[in-house]
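Participant: Input: one structure, supplied below.
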Amino acid sequence: MNNNTYRIIDANLNRLREGIRVVEDVFRYIYNDKELSTKLKNLRHLSRVENFYEILASRDVQNDVLRQSIKSEQNRDDLNSILIANFKRAQESARVLEELLKLYSIKDSENFKYIRYELYNLEIVLTKITSNSK
């Protein structure tokens, strides 16, 4: 793998885990839902690849050309909009990882495909819960 590919993998692993973590914490601390929080935590822990140190060494935050937030990333109306934004963030990152890792490891690629589909399913369940509690 080259350094630029590692950078893409690193950024998407971070986005994936961060997105899942936001949703996990909402269901852990606001809804006190142990079962759903645990499912999300388990998915977050599945978000691993080999070559961690090489991937970490490729990180270059200072030179990220899209480091600054855009307006739509700063606007959230309510808890439900935060959850949806973070589900989408995690799903998109899982897809990027699934595609790139096809070049190096079908096993890892399939793992991120599994995570992506689990996120699709959880999104349906969890957004129903949050929209019903408004």
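Glycine too: its Cβ is placed from the backbone N, Cα and C atoms.
Straight out of TrEMBL:
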- 7-123: domain 'ThiD2' (DOMAIN)
Participant: Could you count the residues of the domain 'ThiD2' (7-123) that DSSP puts in helix, in strand and in coil?
Facilitator: 91 helix, 0 strand, 26 coil
Participant: For the domain 'ThiD2' (7-123), would you mind checking the mean pLDDT of the predicted model?
Facilitator: 90
